[in-house]
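Accompanying notes for the structure given below.
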């Protein structure tokens, strides 16, 4: 553990939402302090962090003070402005590294990277113009999803095309943002692998979880996922390949479509991932601690699963179910300390242990 | 859940050591904020609490501000000055209640309370004078432990008597503090029950754990404990009896000696307890969340055990073992964020899952 942070060292976390909150708790278990940087007032992670800085991403004074107070910097979301990273990288190690962010911030770069590794993705085309979109539809099929290359999540910045006639409307919806067309993949279900890589290059994967989305937002993750033994191994090898290619340090979420022809990579997220929350109930070391271990230069923990778990997100008014859930046996509650519920707002999640 | 705190409410915690730290983390899972009050600078719990007040126990201004900022008050240790409690009780609910503190702050009151419930304790005598000590030794046997009635923990404020000739020296060691003599109990091993009682009177107990002490400090707790089925039930019923008699709200640690003639109550602690740390690795809801649920007026969680666990304290220089422990499978690490290790200082603990 030559590079390992000693107890008492501090980890800076960019973003203070629920992921930062649970990362901060995990850091505390390892005797590490956390400093949250978030432009929003009263970030949820602030309730369990030693220090909170509320400042904009371009506030150089605040960024310098933040970096000066910590030993390593990580993040809970991938859309950190490039100039912010330029400054922070010059002051402290930022993990996962810049390349992982560059790849995952841009859907086109991401797809090029993944196919370059020999992995299968949905068919896709760069569509810088409406004419390019029309040509792409002619090539990869009349249906697909037009997505902005950058800054989309939870179904935002996306337009579904049911036929060539939708092209102009969908293109207009992008509002001039660079976009790519993704063809549809015929898949039976989606799984994700939460994979971790340490500073020495060791890789550890949690068991794949099976994801169910509603309206573009993750609803549940179930372990074990429905996967043939060969697919289970494929999923893990594929995740390891991605992490190694990026010289990645930290936890990554890798979303996969399960098809009769094999696994298709949907997208990667260079951070702890909503589909990995089940690890809090089913493993000795959860994804949050695994990420902290990695970025702190510790050895990775044992991610072996010892329980069957269904993770269910509490979205918007779902929080009204908490009093009933609190009475249920085998339900672990995780609330994020957010204010008023709004439609689509992730307020918490529960891990239901279905076989311990 | 008529009395239940809503998410966003705040819990005040008196004492910011490792117990307050882990209580604060548990509160965050339920969407509750915490405010730590501790006279010492930089308390470990401050790393994971929203607010920290550093002030003395007699600082009325600070105590009022603290109470005004929270919805309910609890504590991580039992030796809170009476005047502090008088003030806080007048401002906010304090849970567990005053009676539980009064009983556990004074070994004589505690023993009288327990025997009054029909439970067995070590033989004991109030020894206000050296003559009373000599008379007590004549009555309950020539060997025993002289203990101050108040403020002893981890083997401090105690003198062992090997025969009547030790009486004068032992009495002098108490330095004039009120003391009781406890006779020896012939026991095979010690177990403890971590029991919880909610505001509606419901009681839930975790499985008894078997404790091993060294030099008066808890070294390991192992679940399951060695107990005959009848003793297992006795332990739980006995703990429930104590909680009900005190109209208790919160988690209590009940230490028991296992003897051929049955269970003997060693002592009770009106708080989360070191011997309950294993619940972090073996249960859906751990002792810290159970305590928070109780004091917040939530229903108690399911404390059923699904793993065999050995909890081991990391005391003083034991922290040097952390790099090796971090590599071990099935070991969950919990460090307390304290500074330099000192002999006898509890720096952290590990939960080793021996059967998942």
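Numbering starts at 1 and runs along the chain as it is shown here.
Just so it is clear, glycine is given a Cβ too, placed from its N, Cα and C backbone atoms.
Annotations in TrEMBL come from automatic prediction, not curation.
Annotated ATP binding site per TrEMBL: A:107, A:147, A:152-158, A:182-185, A:190, A:213, A:266-267, in sequence order. Residues or ranges marked as domain 'ATP-grasp' in TrEMBL: A:111-296.
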Cβ neighbour count within 10 Å of residue A:266 (ATP binding site): 19
Three-class DSSP secondary structure - residue A:266 (ATP binding site): strand
C-beta crowding around residue A:182 (ATP binding site), within 10 angstroms: 23
Proximal but sequence-remote residues of the same chain as residue A:185 (ATP binding site) (Cβ under 8 Å, at least 6 apart): A:122, A:257, A:259, A:264, A:266
Around the Cβ of residue A:107 (ATP binding site), the count of other Cβ atoms that are within 10 Å: 24
The domain 'ATP-grasp' (A:111-296) [mean pLDDT, rounded to integer]: 94
